[in-house]
Amino acid sequence: MKKGMLASMVMIAVFMAACGGGGSKDANATDSAKSTETTAPADNSMVAPGANSAVSKGETLEAGLDCKTCHKVDMKVVGPSFKEIAAKYKPTDENIEMLAAKIISGGSGNWGTVAMTPHPDLSKDDAKEIVKYILAQK
Ligand code: HEC
């Protein structure tokens, strides 16, 4: 009789801990993870408002991708340096469009026989922002 009571008390305690404590703790953890993710870019745009924001966006996007494996700003690695690219192409709409397409589809021929890997997950708009950042490296 006594043992049975104890067992059910333990069951109730476990049930309450699982529903109350455990549940709300998880919700808090995902909440705070989400809020740091969403506040980071918002803070960035506060720090760099106005004229620089397009360049900053391209630079931020580029920093999160694999470009640096093959490109440096002022040194040829596997691909041409960003300064070489900026010297070769004027930042016209046509060039920005063409280079954005090239980043997405990859390929070779303009600098040699080594090919750039394709980046199919990159949107055209984001690729254009990156091209604008690259063509500003003079
Ligand atoms: C595997 C190495 C590699 C990676 C990763 C890479 N590139 Fe390239 N990239 C190259 C090579 C090689 C070329 C030269 C292609 C050619 O000869 O047409 C190139 C060329 C370019 C060009 C000039 C294209 C042209 O036709 O003149 C741009 C702009 C460029 N890369 C941007 C990027 C960006 C932005 C990223 C990241 C999203 C990136 N690359 C990632 C190797 C790479």
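We count from 1, first residue shown onward.
Note: Cβ is positioned from N, Cα and C throughout, glycine not excepted.
Annotated features, as they stand in TrEMBL:
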- C67, H71, M116: heme c binding site (BINDING)
- 27-42: compositional bias 'Polar residues' (COMPBIAS)
- 53-138: domain 'Cytochrome c' (DOMAIN)
- 26-53: region 'Disordered' (REGION)
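Apart from the site residues C67, H71, M116, the chain places the Cβ of D66, K68, T69, C70, V78, G79, I103 no farther than 8 Å from the centroid of the site's Cβ atoms, the recorded heme c location.
DSSP labels the residues of the domain 'Cytochrome c' (53-138) in these numbers: 46 helix, 4 strand, 36 coil. Comment: heme c site residues C67, H71, M116; largest CA to CA distance 10 Å, whole number. Cβ neighbours of C67 (heme c binding site) (same chain, under 8 Å, six or more residues apart in sequence): I130.
Sequence-distant contacts of M116 (heme c binding site), defined by Cβ-Cβ distance under 8 angstroms and a gap of at least six in the same chain, are C70, G79, K102, I103, G106, G107, S108.
Cβ neighbours of H71 (heme c binding site) (same chain, under 8 Å, six or more residues apart in sequence): V77, V78, G79, P80, S81, F82.
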